[in-house]
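Chemist: According to TrEMBL, the protein carries these features:
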DOMAIN    27-292  domain 'U-box'
REPEAT    50-92  repeat 'ARM'
REPEAT    92-134  repeat 'ARM'
REPEAT    133-175  repeat 'ARM'
REPEAT    174-218  repeat 'ARM'
């Protein structure tokens, strides 16, 4: 273990000693010192691992004065430290932390939510946290909590959703309306939108999730807005969610998706999306056309044919005009990208590498 500077080593030793005393005031002071020492220092988090058990015991004491300082100290100990995350759960912290989610003290509820967010980042802790009944209470926080608590709750649910058994529990709690509500109000390029759209993509893999999204006013529109304006990862989640819906029941979900003006965003994704979102966007465009079946071989399913089919069915001149304009722009971008690719190939295709005739033939065939 890395050796601490003398002053830091003294502060760490003093905090550990104070935690062992029976004096409540000194124990609270020790918790505050640990919170301060571990705020930014990975080294202090390692040196203060012995503090986990006495801090967890403070959570169990029937004294509100102990709860916040001890919880905040544990929260900082757990940040970016997998071993401390596991130690905190093994020491029995989940029972008091989850009980704090029902506290009348809004600050304590907020700190408890933040603690579950941090602890749920550990794969080891995910099934344990859900087994303790945290998910329904996190959904309650997502519905009724403060702005910060709602953000932390959705991020904690996102962490927990990656464990296979937890997704069904999230579905059972009817979390979708509250996830959609947060998604509608946040910036679509934010990390919050990324977590919300990721959760929605997972939930629409189930009929209950698809029904909940389409039943929520503005639910599909919020996903379309993320597809248009989100981060690359968010857009990937958004197109994945819409594609899953359309693949599950094209007749049921085609119109609700088209109605929200998804075509321009999909067109952009086919050219400028991530390697995962580009093929998903193309597949969704094919599903959104009037006929789900392929054209004869003499008339291949080019992107332009697919989009023109869709545009011809869209109501409203504004949306149709926007889609046509976007199609023209996408074709231009695609041509520019192809030209750059050809120029790069031409630069590396020198006489020393291969015959000039081969180079000319390769370029002209593109």
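Positions of Cβ are set from backbone N, Cα and C atoms, glycine also.
Note: TrEMBL annotation is automatic and uncurated.
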Chemist: Take the repeat 'ARM' (50-92) and find every residue of the same chain, 6 or more past its ends, with a Cβ under 8 Å from one of its Cβ atoms.
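Modeler: Sequence-remote neighbours of the repeat 'ARM' (50-92) are 15-16, 19-20, 24, 27-28, 30-32, 34-35, 38-39, 42, 100, 105, 107-108, 111-112, 114-115, 118-119, 121-122, 124-125, 128-129.
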Chemist: Per DSSP, how many helix, strand and coil residues does the repeat 'ARM' (92-134) have?
Modeler: 28 helix, 0 strand, 15 coil
Chemist: Could you give the number of helix, strand and coil residues in the repeat 'ARM' (174-218) as assigned by DSSP?
Modeler: 32 helix, 0 strand, 13 coil
